[in-house]
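Novice: Handing you this structure, nothing more for now.
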Amino acid sequence: MNRYTTIRQLGDGTYGSVLLGRSIESGELIAIKKMKRKFYSWEECMNLREVKSLKKLNHANVVKLKEVIRENDHLYFIFEYMKENLYQLIKERNKLFPESAIRNIMYQILQGLAFIHKHGFFHRDLKPENLLCMGPELVKIADFGLAREIRSKPPYTDYVSTRWYRAPEVLLRSTNYSSPIDVWAVGCIMAEVYTLRPLFPGASEIDTIFKICQVLGTPKKTDWPEGYQLSSAMNFRWPQCVPNNLKTLIPNASSEAVQLLRDMLQWDPKKRPTASQALRYPYFQVGHPLGSTTQNLQDSEKPQKGILEKAGPPPYIKPVPPAQPPAKPHTRISSRQHQASQPPLHLTYPYKAEVSRTDHPSHLQEDKPSPLLFPSLHNKHPQSKITAGLEHKNGEIKPKSRRRWGLISRSTKDSDDWADLDDLDFSPSLSRIDLKNKKRQSDDTLCRFESVLDLKPSEPVGTGNSAPTQTSYQRRDTPTLRSAAKQHYLKHSRYLPGISIRNGILSNPGKEFIPPNPWSSSGLSGKSSGTMSVISKVNSVGSSSTSSSGLTGNYVPSFLKKEIGSAMQRVHLAPIPDPSPGYSSLKAMRPHPGRPFFHTQPRSTPGLIPRPPAAQPVHGRTDWASKYASRR
């Protein structure tokens, strides 16, 4: 033992304690199992079951016994070091394992168990604590302290393994059991790895049998006659239970996993498959080298690789042909396609994996050991191909068809990603906007109330171009919006008496005034500075900057103004008792209530209704009270 140094204690068992050590020569980490009882001869040591079994077992999924040392009547086993056991791996897990990782773990356990059974031993104490791991990628069977040779003669002791993983024949105190008890324990461990909880957590042996009955249902006498003999021998009365569906108890297990579980958890040990038979179940036939690292990552990567490698006729996308560089829409299609083709992780189980494999028969022929796996999924695939083709036939991509596997028409434009505005097809609305802009430029400037409400794309405030903005594109000209806004506008008066209009003119009008484009009125300006800016704008319309259309570029309708401060609150005013004498002469010029009040010059443009003249300012003031007197 002077060739090893001990670092710390890893665990303490019934027959010995385990220490973490290091080899002084190589620096390799090792596990030292120190037996609690003393051994006074080598013959006594060599008769130990653990030594007998481990001397004969050399397998990748069986923990390796490096050396046996007897020193001062103490016996030490030197094992290879493993980071953790399966119980610790399950306990530290905060989310469920992917099925590919579970399949890999169970495959390694059954491989090691088949090797042990083949060499004439059965373990008798399989539980998560006795399965040593280096993460989920590598699992090895350890602790052969209770191992027995299969050819050894009964009776055996009735206490074997931890109660939760004990087979029903052992719970009923049978003394004639064999390797099927290990298969039962593997079934219990498999369910626990899926759910992260024990399947039969009984508080006692009888309670464990009750737990088994609640899951599997009460066995019939014809199904397991030996079980009824054992129960009558110990005066045990079977509870009457209805079997539960394992799929409902383990919802994240596939149908192949449930099939394997159901067979390993048979009441009758003769009906359970052997470990080598379990390895041939469809659950392990997944078309890749078994025992490799997690299948889930391969499943999620295969669709991407297939899309990048595949080059076919026009319905498929080629990865940037060198001779003819594609236009921008096509480059966007390819980039979006790779994103959409990634299946979600929680849906990658058999269906997604099979879809990706059916797309690429070359991969299937290379990797798959068996010719046909999951036949029902193959039958579904052509239908999904047809629907994908029809989906893109009309040049439309609906947002619900997010997952595609490479079938996209060349002429379509991918607009699935609504977060990217460059992908939106603005062509119909832009052509309509350009026609209207030409019509407006050919005619004189058109100023009517509908144009204010029709929030068509126009130039933003302070800029000279007419590129449509996102806000203006999304607000469409609908009759309900127009009528609702008109009622909102006509219902509220902005006239506040007692305020000097002349003093309300801004000292720096350059910030408020905009280049004289009569259609910039539909764009929203910056934050209003209260009622004074509104009145000053109206004053400037009436006095200084009245254009040929009677509307300046900086006019902002009141229904678009943000109500800020106490001066911008909606105020209903009483009639003014003593209006100015000059106001009475303007009552005849008051516009019709149903018509907008802006002044436009008469023109012969078809489809436009001539408007009555707007009220002219008197002494620099607009008669707002006379305008809205009838509306009060």
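Each Cβ is built from the backbone N, Cα and C atoms, and glycine gets one as well.
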Novice: To which of the residue ranges 531-581, 582-632 does Swiss-Prot assign the term region 'Disordered'?
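Specialist: In Swiss-Prot, residues 582-632 carry the label region 'Disordered'.
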Novice: Going by Swiss-Prot, LEU10, GLY11, ASP12, GLY13, THR14, TYR15, GLY16, SER17, VAL18 bind ATP; tell me which of LYS33, LYS38 is listed for that site too.
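Specialist: Among LYS33, LYS38, only LYS33 appears alongside LEU10, GLY11, ASP12, GLY13, THR14, TYR15, GLY16, SER17, VAL18 as ATP-binding in Swiss-Prot.
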Novice: Going by what Swiss-Prot says, which of TYR159, TYR177, TYR316 is noted as phosphotyrosine?
Specialist: TYR159
Novice: Where does the phosphothreonine label fall among THR157, THR274, THR358, THR445, going by Swiss-Prot?
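Specialist: Record annotation (Swiss-Prot, phosphothreonine): THR157.
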Novice: Please report the Cα separation of LEU10 (ATP binding site) and ASP125 (active site, proton acceptor) in Å, rounded to an integer.
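Specialist: For LEU10 (ATP binding site) versus ASP125 (active site, proton acceptor), the Cα atoms are 19 Å apart.
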Novice: Around LEU10 (ATP binding site), how many other C-beta atoms are within 10 angstroms of its C-beta?
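Specialist: There are 17 such Cβ atoms around LEU10 (ATP binding site).
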Novice: Within its own chain, what residues at least 6 apart in sequence put their Cβ under 8 Å from the Cβ of ASP12 (ATP binding site), listed in sequence order?
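Specialist: Sequence-distant Cβ neighbours: VAL18.
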Novice: Rounded to the nearest Å, what's the C-alpha distance separating ASP125 (active site, proton acceptor) and THR14 (ATP binding site)? Just drop the number here, would you?
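Specialist: Roughly 13 Å, rounded to the nearest whole number.
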Novice: Among LEU10, GLY11, ASP12, GLY13, THR14, TYR15, GLY16, SER17, VAL18, LYS33, recorded ATP binders, what is the largest CA to CA distance in Å?
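Specialist: The span, Cα to Cα at its widest, is 14 Å.
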Novice: Using Cβ atoms only, which residues of the same chain lie under 8 Å from GLY16 (ATP binding site) while being at least 6 residues apart in sequence?
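Specialist: Correct list: LYS33, LYS34, MET35, LYS36, PHE77.
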